[in-house]
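Feature annotations, courtesy of TrEMBL:
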type: TRANSMEM; residues: C:21-43; note: transmembrane segment
type: DOMAIN; residues: C:21-422; note: domain 'Oligosaccharyl transferase STT3 N-terminal'
type: TRANSMEM; residues: C:91-107; note: transmembrane segment
type: TRANSMEM; residues: C:119-138; note: transmembrane segment
type: TRANSMEM; residues: C:144-163; note: transmembrane segment
type: TRANSMEM; residues: C:175-191; note: transmembrane segment
type: TRANSMEM; residues: C:211-234; note: transmembrane segment
type: TRANSMEM; residues: C:273-291; note: transmembrane segment
type: TRANSMEM; residues: C:303-329; note: transmembrane segment
type: TRANSMEM; residues: C:364-384; note: transmembrane segment
type: TRANSMEM; residues: C:391-409; note: transmembrane segment
type: TRANSMEM; residues: C:415-436; note: transmembrane segment
type: TRANSMEM; residues: C:478-498; note: transmembrane segment
type: DOMAIN; residues: C:540-590; note: domain 'STT3/PglB/AglB core'
Amino acid sequence: MLRSTSPLLSLFAFLLVWGAALVSAVSTTGNRLLAVFDDVGEKENYSKFLGDLEGRGFQISYETPKSESLALFHLGERAYDHVIFFPTKTKGLGPNLTPQILVNFLNANGNILHTLSSTTTTPNTLISLLAELDITLPTERTGLVVDHFSYDTLSAAETHDVLALPPPVPVRNDISPLFSADAPAGQLLAFPHGVGAVLGPREQLTPILRAPKTAYSYNPKEQSEVLEANELFAAGQQLSLVTAFQAINSARFVLLGSAEMLQDKWFLAEVAAPGGKSVKTFNREFAKRVSAWAFQELGVLRVNWIEHHLNEVSAVNESNPHIYRVKNDVTYTISLSEYAYDKWTSFSLPANDVLQLEFSMLSPFHRLPLSLDKAHSSPEASAYTASFKLPDQHGIFNFKVNYKRPFFTNIEEKNTVSVRHMAHDEWPRSFVISGAWPWIAGIGATVSGWVVFVALWMYSAPTDKKVGSKKTN
Amino acid sequence: MRWLPAFLTASLAFASGSLAAKKTSEERFNSFHAKSIASSSAAPIKLSDASYREFTAQPRDYTAAVVLTAMDSRFNCQLCREFQPEWDLLARSWVKGDKSGSSRVLFGTLDFADGREIFMSLGLQTAPVLLLFPPTVGPHAVPNPEPLRYDFSNGPQIAEVVHSWIARHLPDRPHPPVKRPINWMRWISTTILALGSLTASYVAWPYIVPIIQSRNIWAALTLISILLFTSGHMYNHIRKVPYVASDGKGGISYFASGFQSQYGLETQIVAALYGLLSLAGISLAIKVPRISDSKTQGVAVLAWGGIFFVTYAFLLSVFRGKNPGYPFRLPPFV
Amino acid sequence: MSAETLQVLADVGKGKSTRGVLRVIILALIAGASIASRLFSVIRFESIIHEFDPWFNFRATKYLVANGFYNFWDWFDDRTWHPLGRVTGGTLYPGLMVTSGAIWHALRALTIPVDIRNVCVLLAPAFSGLTAVAAYLLTNEMTTYNSAGLLAALFMGIAPGYISRSVAGSYDNEAIAIFLLVFTFYLWIKALKQGSMLWGALCALFYGYMVASWGGYAFITCLLPLHAFVLILMGRYSTRLYVSYTTWYALGTLASMQIPFVGFLPVKTSEHMPALGIFGFLQLLAFLDYVRSAIPSRQFQTFLWLFAGGIFVMSLAALVVATSAGVIAPWSGRFYSLWDTGYAKIHIPIIASVSEHQPTAWPAFFFDLNLLIFVFPVGVYLCFQELADEHVFIIVYAVFGSYFAGVMVRLMLTLTPVVCVAGAIAISTILNNYLVAKTPTEEDQQAAEAAEKKGSKSGLKSATKPVVGIYGLWSKSLMVAGMAVYLLIFVMHCTWVTSNAYSSPSVVLASRMPDGSQHIIDDYREAYQWLRQNTKEDAKIMSWWDYGYQIGGMADRPTLVDNNTWNNTHIATVGKAMSSREEVSYPIMRQHEVDYVLVVFGGLLGYSGDDINKFLWMVRIAEGIWPDEVSERAFFTPRGEYRVDGEATETMKNSLMYKMSYYNFNNLFPPGQAVDRMRQARLPEVGPSLSTLEEAFTSENWIIRIYKVKDLDNVGRDHISATAFEKGLKKKKTTKKRGPRVLRVD
């Protein structure tokens, strides 16, 4: 993540990056995309989707799991930036794609878009990978999501296994609606022959598209006749059809429940919800957004620069000093940008969400909302700032911005500063403190009294021996 | 403790389940609490097999603190006898401090003589044992009803320590502090003694003065204390070292092996050696030059010089014993 | 040889001037000897700072030299006690650093370029030379024999009791403090004898220097009032006492209050109350003295004395009340534990845990003072002969010094000077009696008998008769020869002790190879160098507090706790992290931003000073703060043993310290043969496993092991399952779960 000490410098660097972004309009983490098919021929079904990707500047290379040449890492470096898995019939994915390798791929900032299909069983490799991510698939590695209330009347009047859903809305109202923003009203999303997953409580997980309340998942092979309640894998909104996982290093993993929804025919098809008129599917736009998010084109945040300085009159306001004094007034500013497909734009907080600054040692001493300051903002970057008084406690503190939201790059910025105690000459002088006046007066009285006494003593001649002898000893 | 198993087997015969009381916890608490505040000597409540079961029966909305002890002299359980008064004091001051019973705590004591079955059912091998039964219902209820056991591992406990332990496990309730009764007898006796000594000293003043002012006495005191301190007496006092220890072969070893350890007797021997050496030194420095007769003086020089030499040599050898590899030695102890 | 030849010998150096010259030369030689005898460590190893505290002093001195005095004064040290930091400038005794800083600047001014480290290393020996001179001066105030002074200087110079803290490289406060102690006492005696303000002021000046240098100044603060008090009780109140004491107290207290670390303690804490009390009492006495001289009436005087006594008692009571009311701080724990010797062990384990706070066994006394330890009483006894004020001082000092030395090993240091002085007095008396050429004649004898008839005034029984002298030449020569032998043994003893016991810089360990050659074990510096070169500038190192100063000084990395144990809770936190399970320790380490953990492990080498041996102290200190979470009991087997082998308790085996110490240890041995050579324990078949830490560095002899604290798992698993997954263990199916399903709430 780009960080620099002086705003100017960082602005310059930032412009460089921005320029770079212009020439190849593509993901922020690179454009080498690997698509994994059983046989490469299948890619014809996805020509539009893949075409869109190439249109967005991705260089796609196609492989099958079996091929010897397939390797995610070359000499310890990532050979690809992103991977798409299309459904494969094989039981495992072979030695080149073990779960360990895939996790390492995530740890190395690689992104994975993984598609499922109820027609093919999912390879063990991916099952155990999902297990590591706290995502659970139906037993027997397959399942089918059906809904008898919101299905596509045109294609699946009988089987009810093609869901026709409205574009997804965020699960919480402080999450930005990346996937449903400005979608035309009445648009429907076709979700044919999909598999639903159940998500664990892990915070990195967020459902992009949840099944409607009336949907449920069953296993067509075994449970075709009757489905007992305790056999039910999951139902309703617990079923996540499209799932987003963002690791701590912001590497992204998307589990797309239905591969078919990316196929050309569903891009073009028309669907109709029961009792509704038929409309063109929203799939193409949705696929674009989901893939864009997965491959770091959407919801990518960047910290351009962080700056904090002394906010006091008669003080040298150098930028980012390493040490402050207790009860100093300081100002902290952080500049953020958001990436949208091909350019960096200024980041504006979602409605009813705030960006917070913590000033903490062991535990926060301050937790303040950062407010937008226009002065340092530009179309490409927006600066957020807060000014406050340091606590009356010396120690080693951190300016900490910890902004982790679903669908946004994790931002955890820590700037360490020392807060020192009052130096010996920074206290108010004694004569300024009214409480000290009596003591000062006392000192004065003693001194003058002593001087007077000495004077008297000197000028009073000894009367007789006795006094003299007293004086000497 | 060795005594218990025997008595457990003996008491197997008497083993018979006593019926737990069918009262509600509220009633039980009230009755016990009333009993305990009835008279100052009633707290902690003396329990038996039956009343113990009732005392700690579930569900309970109060905390029950019970000491299982063995006061009978047959068991010569020193710890029990040391701890019992502290426990009584703690219980009394708590109950006195909280007459209304708002802290919902009951204090009880179960002696082995009255509660063999309990001891047996708990499989206790040692005494005393302090159990704290948390409430299972009511505002202070805790999830697991198992009693907490106080750790007597490090010696006899004083009331304050136990109090702090109990208080720690009774959050958000009043904890009446331990109030130690003022020991009037001691105060009176001390004052009387002080006055007596004052008068005595006043009467005996003329006789005391020369003693106080005698240089010899002060010199003697000074030297003795110096010898005590420099011969490691404080170490004995702090570390509570044994007086002598036996070497493996039935005899006693006077000198501890090792540089950092010593025995009581050892230090006394060393002090004696130092004393002897100092005495010799003093005589040689002060007495001998003042002997006016040349013969006696010669003898004195010889005698004291010899003593000094031999004692020093012996000291060196002793030290070599403590610190092998110490190279220096004097005849005759080579 | 005959009396004539002796006479001739004695005639040499009769003249005053020659004697003076001789004396100066001898003193110079003694100073040289005392410096030389402290250089063993430099010759054997190298010019290096020793042990623990000196490393902090060294670091502070470098800071002072680099940043100047005022920055040093206001120094906020953000590389220790992370993240609290330490107000170092206000919590140290600056005397030592300022001294060596001044020396360094002086040498620079003389265009002698010298490394500050060498100044620090050689400061202690240099000051030991001065100490010898100070001892000479002090002793000369006690007796008329000049030989006594020279002997005292010699003893002071080479007594192991003092060398133990002042060999080259042990750059600690004591290095200069002992000189200041002795010299302050000398000035005090001088002031008392002459009753002069000048000497009193000088005494106060050096007292101020002492306060600036060492916490042990409290010893002076209590001894001088005690001396004055004893004198008063002996009815020896005099204007001399009044002048010298009041001068010293007024100026000395002012001086001491200038040190930020001391501040207002002199008027607030119990340690300083005796001085204040005697000060007030002397004012009262002076007044009464004046009144008495004005109104000469017997009863009135007795009344006055009773009045004085009454006031004294009342003020004492007032002091007690004020203390209990909290107006005056009670004895600080460290100080109080000197009186109530059981106190520290119960209430302040952190003090009891320090080895130099242990009581002293008798061999230590003999080891440190050899023959002086029993000649010392002789000297004290001689002081009773003519009981002048200064002799009273020696006696009081002797009694209290030996008490403190008996209670705490390190206070042997404060005892040594008085031992040297008294011993010198004794031996010089003997030598002066036996090392004279003239033999007593008839008339001497007559005179003696005549005097004896009259009886003498000296209070001591043994000294009632007048001195005659020694008759036989042979007895003289016998005694002199004996004394010569003893003194020779003393010198050899001191040299032996110094070279064997006190000259190793516990940073570098020396061991003997089978063939007797010396083998240097340099793990500490190896590890600290590794830290310095392979870790971030601000990587926080967590270790037990013993190593804090060394890490700060040698590795220059921030530490959580160090040897300045000002914050017990913080230390207890580290203790808790060390003695808890990984799941408990990890959050603590995250919260304190720990990057590396350093442990000392002696199991391979049989090195006794390792962390497993200190472990129980960590547990105790942690238990003091979190009695519910850490319990010492849980580290002992049911049979009450402290074990590390298969029998060790679960708590022990799961504790972070145990895991870090024995991690991978049994890979060194054939299976099942792993043996801890320190504790002679056979370790279990499978060693401990670590999931939140990874081994970063282990030194050559495994004495120091450094672990890196892992970051949070990238995909949000807990570390145990993450490591299991890395090992390729299959995660068991969690689909068929019993009981109610856990629903996810968004």
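Just so it is clear, glycine is given a Cβ too, placed from its N, Cα and C backbone atoms.
Long-range contacts of the transmembrane segment (C:211-234) within the same chain: residues 93-96, 98-99, 173-174, 176-177, 180-181, 184-185, 188, 241, 245, 248, 252, 255-256, 259, 262, 266, 271-272, 274-275, 277-279, 281-282, 285, 335, 389, 392-393, 396-397, 400, 404, 413-414, each at least 6 residues beyond the stretch ends and with a Cβ under 8 Å from a Cβ of the stretch.
Beyond the ends of the transmembrane segment (C:119-138), by six or more residues, the same chain brings 27, 30-32, 34-35, 38-39, 42, 47-49, 54, 57-58, 61, 96, 99-100, 103-104, 107, 149-150, 152-157, 162-163, 165-172, 175-176, 178-179, 182-183, 185-186, 189, 417, 420-421, 424 to within a C-beta distance below 8 angstroms of the stretch. Proximity of distant same-chain residues to the transmembrane segment (C:175-191), defined by a Cβ-Cβ separation under 8 Å and at least 6 residues beyond the stretch ends, is recorded for 95-96, 99, 123-124, 127-128, 130-131, 134-135, 137-138, 141, 156, 162, 165-166, 198-200, 202-203, 206-207, 209-210, 213-214, 216-217, 219-220, 224, 227, 243-244, 247-248, 390, 393, 397, 413-414, 416-417. Remark: the transmembrane segment (C:415-436) makes no contact with the transmembrane segment (C:273-291), by the rule of 3 or more CB pairs under 8 A.
Contact check: the transmembrane segment (C:144-163) against the transmembrane segment (C:303-329) gives fewer than three Cβ pairs closer than 8 Å, residues 6 or more apart, which falls short of the contact criterion.
With DSSP states grouped into helix (H, G, I), strand (E, B) and coil, the domain 'STT3/PglB/AglB core' (C:540-590) comes out at 32 helix, 3 strand, 16 coil.
When Cβ-Cβ distances below 8 Å are used as the criterion, the transmembrane segment (C:478-498) is approached by residues 37-38, 40, 158-160, 163, 167, 367-368, 370-372, 427, 430-431, 434-435, 470 of the same chain, each at least six residues removed from its ends. For the transmembrane segment (C:303-329), same-chain residues at least 6 beyond its ends with a Cβ under 8 Å from one of its own Cβ atoms are 265, 268-270, 273, 277, 280-281, 284-285, 288, 291-292.
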